[in-house]
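Undergrad: When I checked TrEMBL for this same protein, it listed these features:
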| type | residues | note |
| --- | --- | --- |
| DOMAIN | 55-233 | domain 'Peptidase S26' |
| TRANSMEM | 57-77 | transmembrane segment |
| ACT_SITE | S85 | active site |
| ACT_SITE | K135 | active site |
Amino acid sequence: MSEAEKNTEEVWQEKISETPIEKEEIKEQAPEIVPEPESDITELIPEKTKTQEFIEFFRDLIIILVVVLIIRTYLVAPFQISWSSMETSYHDKEFILVNKFSYANAFSLAVGDPDRWDVVIFKPHASNWKEYYIKRVIWMPWETIKFKDWEVYVKKIWSDKFIKLNEDYLSPVNKWKTFLPFDVKETEFTVPKWEYFLMGDNRNNSSDSRSCFMSCSITGSSHFIKRFDIVWRVFIDFWYFNIFKYNEYSREFEWLGKFKWESKPRFFDTPKTWEYKELN
């Protein structure tokens, strides 16, 4: 075979080797993919019995009750006001949420102390049928109070002059109507250490520090409330509505579906925003 024929045969063999493999041949050479059998793991999970379901439900219920109890005991709690001594800032039968942590007492130590103008819940130890009162903190420890011409004055610590308080948060009926009971002869009081002088916003109808929360003629009564008898601070003000609102004209109850707001919900927008700027 000549040299030219050899070269021609080699070129022809190279072209044959570069010829693509037919699709059928590729299919034959490709490995066959076999799908894996479906897992039977769902069949391995046993169904819960009625007893197990009841135990889980009871466990969840206990957890919820414990959480609610902790919140109710140490953080916040709902209350309903049962008197009009704080009108018109807070209304009779109005629902409030109190903050139990602000003034919490632990091992004779206080988390925080009441501030002037705080609306607080406290134990006056003056009534056998009413354990808690709601009033406003007006005077702080060591301050001197004076009542004159139906108005209130305060002399702060290290000061030698009385300052008249501007109490614009009071309703028009109660403005300039802060008087002392007839059986109280003093007009000036100095608040002892760790004690406070509290009054209601409804000055015409409030049993507060002016009257020793009941009567100053009772043995052991006091104008002041000790720090550890002030237990909670008003946190959120809700509302009160009466479904069976009494109609004074027809002397009948309105239709069941017509309830009337006795006070609009205010939530955080309470009279707590007031400040005695004259004391700054």
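Placement of Cβ uses the backbone N, Cα and C atoms for every residue, glycine included.
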Undergrad: Return only the integer: C-alpha distance in Å from S85 (active site) to K135 (active site).
TA: 8
Undergrad: Give me the long-range Cβ neighbours of K135 (active site): same chain, 6+ apart, Cβ under 8 Å, in sequence order.
TA: S85, M86, V119, V120, F122, L198, M199, G200, S206, D208, S209
Undergrad: Take every residue in the domain 'Peptidase S26' (55-233), average their pLDDT values, and give the whole-number result.
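TA: Here the mean pLDDT over the domain 'Peptidase S26' (55-233) amounts to 88.
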